[in-house]
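Here is what TrEMBL says about this protein:
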REPEAT    93-127  repeat 'PPR'
REPEAT    200-234  repeat 'PPR'
REPEAT    271-305  repeat 'PPR'
REPEAT    306-340  repeat 'PPR'
REPEAT    341-375  repeat 'PPR'
REPEAT    412-446  repeat 'PPR'
REPEAT    447-481  repeat 'PPR'
Amino acid sequence: MLLRGPPYPNVHHLLLPARRHLSSGCATTDLWISKALATLFRLSPCPPALHLSSFSEVLTPSIALAALRRLSDPESAINLFQATQSSLNIAHLPASYRLLTGILCSGGRLDDALNMFDEMVKRSLGCDATFLGFLVDACVDSGRLDSALRLVSRASAEFRCCLHAYHVNNVMSRLVAANRAKDAIFLFEEQLSSQALNPDTCSFNIVIKGLCLLGEIDRAFEFYKKMASFGCVPDTYTQNSLVVGLSRANRIDGGREFLRRVQVDGLCLPNVITYTSLISGYCKLGKMKDALEVFDEMIGFGIKPNRVTYNVLIDGYGKVCEMQSANSMYGRMVLGGYQPDIITYTSLIDGYCRSGLIADAMKLWHELAERGLRPNAYTFAVVINALCKMNHLSNARELLNELNGRNDIVPCAFIYNPVIDGFCKAGNVDEANTIMMEMERKGCSPDKFTYTILIIGHCMKGRMVEAIELFDRMMTTGCLPDHVTYSSLTSCLLKAAMPDEANRVMFMRGRKEDLECINSETVSSCLKPGVSVAS
């Protein structure tokens, strides 16, 4: 059975109310015509030219605009625009271009919207900062950051208009979030140099955060000092970004001194994020005494620690094997009204493992289920690594099986590698191979450490063919070997009297001169007569 679309409306019937008022000049005429035109394209996105001809004597650019306002579907709207332009020679108003561009953006047709904007520019129909800002935001929302960058640059250079800081901030913020901080900073400096931007505090905050992420702390402070000249006042977000940046750059004492200056100036008050960032910086350096001083200082200023603050301190104490202090902080956390989470227990388990107290770590592990908590990937990694170091391979294998049964965790290679290494050192290379296949079935790709461990494991068992196959597979998958992989495999191949394969491996490395570092006695005893290392 042949399916038919809806019948075309009777255009003359639609226009009849309007024609009755044409001679009288009634104000409702334009309304009826716009309704008729919109209805025609709503019912049939591509009506025949015959139907359009009925509008030839009555349609004006303003009526076409009114008809467009009645359409929300991008396909119908763009067809109405193009058909009336080409068939009825309507010179559309700038408002029609802007309206259609907005409809296309809302309908997810950004390319068509940008083409419509370009046509509008070619026809010299004018372009203001408000409309440009709308387009920039549409590009950002669609993830088209390069298109947004081009529009921002064109705003000042081509259209001689200044975008509101909100739109430029939107672009810069997304660039920083997309690990394109350098592009955000370049855009900001370009806008300032061309005097196309009146920045606000948010503008500087984005740039300062981007510079801190890049590790360019000194440049971040240069922009911090410039804020006053633009009438911008630093806020808590500004100081937090700088404190975090100093902490990440291991300039934690500088961060603490900066915080003290800010408090003296009274420009903005630090919050729990500020202090937690400082505490985290000291914990990463193992300076727990300083971390505790900042913690006490925070409480002294009436700022209540949050769960993150306590977790950072517990993890810090665990990293330096001060489990008594870690448990004490755990107690303060509970008294403070915060329920310990999986991060808390993972930090405690890690601390016990680092302290060699594997029994205490496993006791906490088994308590997780009783507390309604499920271990995450890092919890598994901590315990599995500790068990492998203690040579408890069977227990580590059991945990790995439990991990493989979890569909809510996407495992990483660093969880599997200690177990693979343990079985290789125990001479059970087949089990190590099985584990690698399991990790691949879980969607986890082997990394260079996985391959290197297995290559050395096969070499130690005299399975040189399998070792070479693993190396070739490693290269094929784009996982680049490091100097340990190359030198270990080359050395083993030479000891196995396989100089051609050894030379091939070194050729693939592109640094054949490294063969000279291998013991000359081993080389001379393994190489066959007439075979040159250089060859």
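Glycine too: its Cβ is placed from the backbone N, Cα and C atoms.
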DSSP-derived helix, strand and coil totals, residue by residue, for the repeat 'PPR' (306-340): 26 helix, 0 strand, 9 coil
The repeat 'PPR' (447-481), counted residue by residue under DSSP: helix, strand, coil: 26 helix, 0 strand, 9 coil
Stretch-averaged pLDDT - the repeat 'PPR' (271-305): 95
Per-state residue totals over the repeat 'PPR' (271-305) - DSSP helix, strand, coil: 26 helix, 0 strand, 9 coil
